[in-house]
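The annotation active site is assigned in Swiss-Prot to 6 on the grounds of sequence analysis. Look at Swiss-Prot and you will find 161, 164, 167 tagged as Na(+) binding site, backed by sequence analysis.
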């Protein structure tokens, strides 16, 4: 799956988990919106979630994921695995084109429609067309500075916005 039009980044440092997403929505080669909100808090404010891909599909997945969080008592790991299983096996969900990046204070997961739940090795992860740029910048800042998680997300997202034509610098940031 190839997703244009977004960058979502999460960084964890010193007990802070911070997620940022750009605001650009692109249709083909046209920017339709510059201030979309692709990052939100779920699970009574204890879980961060961001999406790359179709907005309508992502809203469906946010709803399903939040239901899984409730079903599993806020257990992010179990909710992520159960959503991925449903996403892979459900006839309707299988057609949804999006990726989810979810995190709490302890865990970070990328959830795909292929039934994959990926937990990164580091305290950072990113999805979307600008994800590789944001992730590279975040890793460099994590390794070489004492910046807070929020400052790293802000700086890395700005760098991604300078490089990726499908990412703007109108950043929405949430933290737990």
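Glycine is treated like the rest: Cβ placed from N, Cα and C.
Counting only the Cα atoms, the space from residue 167 (Na(+) binding site) to residue 6 (active site) is about 5 angstrom. The Na(+) site is set by 161, 164, 167; from the centre of their CB atoms, other residues of the chain with a CB within 8 Å are 7, 22, 24, 129, 130, 133, 134, 157, 160, 162, 163, 165, 166, 168, 169. Long-range neighbours of residue 161 (Na(+) binding site) (same chain, six or more residues apart, CB within less than 8 Å of its CB): 7, 22, 130, 167, 168, 169, 171.
Around the Cβ of residue 167 (Na(+) binding site), 30 further Cβ atoms fall within 10 Å across all displayed protein chains. Considering other CB atoms within 10 Å as the measure, the emptiest surroundings among the recorded positions 6, 164 are those of 164.
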